[in-house]
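Visitor: My questions all concern the structure below.
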Amino acid sequence: TAPVPACFLCLLALSSACYIQNCPRGGKRSYPDTAVRQCIPCGPGNRGNCFGPNICCGEDLGCYVGTPETLRCVEETYLPSPCEAGGKPCSSGGRCAAPGVCCSDDTCVVDSSCLDEDSERRRVTPEQNMTQMDGSASDLLLRLMHMANRQQQSKHQFY
């Protein structure tokens, strides 16, 4: 009968272990005294920053979502301290990621509050952007982005 209590104690010790060791109670964003650091750099030439496990954005790059440029962003999930990417807070709980783009950790949306005064006056050099669109082309692109975002979200829903 002595092995039964010993086995019970071993099972109890194993079952009360903490399996996720790098996250505090409440998640990694609940660190009260930890300074917020800049998120991992990503994208071509590491000129962007991770906004989520599949999102990499930069001022000059725009945003990459679910592309090979975002593979490094998965590492952010395993780091114990919280990070903050981007500029000022914007819609849907996100932060300004690129001119006119607001990203949270799982999605990006077009947001005019992320346009600074200089971005309207700033000229884009041909090396930075090979195409300039008129209003109707940019409206079409915006609609396509919204459709792709809705399709991506519907893939992750379970019925």
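Using N, Cα and C of the backbone, Cβ positions are placed for all residues, glycine too.
Note that the structure is predicted; figures quoted are calculated from it, not measured.
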Visitor: Consult Swiss-Prot and report which candidate among Cys102, Cys103 shares a disulfide bond with Cys90.
Guide: Cys102
Visitor: Where Swiss-Prot annotates a disulfide for Cys96, which of Cys83, Cys103, Cys108, Cys114 is the other cysteine?
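Guide: Looking through Cys83, Cys103, Cys108, Cys114, the record in Swiss-Prot gives Cys114 as the partner of Cys96.
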Visitor: Cys103 pairs with which of Cys83, Cys108 in a disulfide, per Swiss-Prot?
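Guide: It is Cys108, per the disulfide annotation in Swiss-Prot.
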Visitor: Which one is it, Cys57, Cys63, Cys73, that Swiss-Prot ties to Cys50 with a disulfide?
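Guide: Cross-referencing Swiss-Prot, the cysteine bonded to Cys50 turns out to be Cys73.
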Visitor: Quick one: which of Cys10, Cys18, Cys23, Cys39 does Swiss-Prot link to Cys83 by a disulfide?
Guide: Cys39
Visitor: Going by Swiss-Prot, tell me which one of Cys42, Cys63 is disulfide-bonded to Cys56.
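Guide: It is Cys42, per the disulfide annotation in Swiss-Prot.
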Visitor: Using Cys114 (disulfide bond) as the reference point, find which of the disulfide-bonded residues Cys50, Cys56, Cys57, Cys90 has the shortest Cα-to-Cα distance to it.
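Guide: Nearest by Cα distance to Cys114 (disulfide bond): Cys90.
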Visitor: Around Cys42 (disulfide bond), how many other CB atoms lie within 10 A of its CB?
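Guide: There are 26 such Cβ atoms around Cys42 (disulfide bond).
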Visitor: Compare the Cα of Cys63 (disulfide bond) against each of the disulfide-bonded residues Cys56, Cys73, Cys83, Cys96 and report the nearest.
Guide: Cys56
